[in-house]
């Protein structure tokens, strides 16, 4: 537990020292949203809630892939070896997942604020939508962290990252979009329990698998 | 390895399925009519594919636990045979859907899930091809294989059941066994599944042997100093 806390703290300090990474990601979200806004600008009145919703989650998906892809590749080989000598692999993967979830939560909240600012905000049930953002950022982070670990071992890691993660993340993305649609329509929470439990169980499966499989991954 | 009886069994079963599948008695149902015979091919192919993928995952786990490169050979070749069956399953389903649902690719969650499943395993093959070192490739792709199977099952068997789907067993449609699966179908369907699994294993076995022979030859070349 202590180990994990230290590792998360180390990630935060590192991020704070080299601010270009996190600010780069923020700028990425903002400029993508702005590109979408300008592209739809001519026909803003035709932007249906479904398009609004789908567009938002696709922007977040690309942000997540880009933000998490660097979580293993930015560290030098020697430094990785040093960590591996000091801590258990389980602590490393759990700390990375928690840290990436935090980053994703921050990025998606800020992204949502800016997106709602320029594209309008048709959401009726803000509580459910924030749960949705929270679940999605945890889910995206946990799937993508292990995939980033896999992809960083190969040479063409940028392509591999996208190819490996998109099909795997798809069920999660679809569930999230449906949950977000329920939140937009302001449906009763009991309608969405199915989606919430499915998302939670996918998260649980993925985190358990990462926990079990990562020790085999880092040895190579 | 060299035992031949299961190959003969495989050929016999496949011929039995082809003959009985086209000529045997089937229940008369409205709309579906004779196209119910596709159960022997389409549904059985999917079941065989899932079994093969499960087998592939088991061998990946075994590789991670024991580190024997042969297990990884088996896992990858079985997965390839499964992808082959998956593509065949898509094609047979597509032909059937064209006549029964009026569209070769109706927008159905199970179909899309199947397409995504095949994409996952194609990505697995891509991952394999991007490593030079054998042990490294084996370890990393085993990790991905286990991960992929754990996601593949929800995509194809759980998520479609939560939404409206044209397939049996989803969105209030009843499952197969409940009304239209009489004994005539059973008598062909179960052998069909076994036959396809055996055929997949046979394909995989041949490819594993080629791989191992190549490896032995390479090692001999290295030892003779030519490489």
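From the backbone N, Cα and C atoms, a Cβ is placed for every residue, glycine too.
Here TrEMBL flags A:20-40 (among others) as transmembrane segment.
The transmembrane segment feature in TrEMBL is assigned to A:52-69 (among others).
Sequence annotations record features per position, and here TrEMBL assigns transmembrane segment to A:97-116 (among others).
What TrEMBL records for A:128-151 (among others) is transmembrane segment. Long-range contacts of the transmembrane segment (A:128-151) within the same chain, counting only residues at least 6 positions beyond its ends with a Cβ under 8 Å from a Cβ of the stretch, are 57, 60-61, 64-65, 68-73, 93, 96-97, 100-101, 103-105, 107-109, 112, 157, 160-161, 164-165, 168-169, 172, 176, 179-180, 182-184, 189, 192, 196, 199-200, 202-203, 206-207, 209-210, 213-214, 217-218.
Within the chain, the transmembrane segment (A:158-179) has long-range Cβ neighbours (under 8 A, six or more residues past its boundaries) at 53-54, 57, 61, 65, 69, 128, 132, 135-136, 139-140, 143-144, 147-148, 150-151, 192, 195-196, 198-199, 202. Per TrEMBL, transmembrane segment is recorded for A:158-179 (among others).
Positions annotated as transmembrane segment by TrEMBL: A:199-218 (among others).
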Please indicate, using numbers and ranges, the residues of the same chain that are 6 or more beyond the transmembrane segment (A:97-116) and have a C-beta under 8 Å from a C-beta there.
4, 8, 11-12, 15, 22, 25-26, 29-30, 33, 56, 59-60, 63-64, 67-68, 71, 123, 133-134, 136-138, 140-142, 144-145, 207, 210
Cβ contacts under 8 Å made by the transmembrane segment (A:52-69) with residues that lie 6+ beyond its boundaries:
25, 28-29, 32-33, 36, 100, 103-104, 107-108, 111-112, 115, 119-120, 122, 136-137, 140-141, 144-145, 148, 151, 157-158, 161-162, 165, 169, 173, 176-177, 180-181, 184
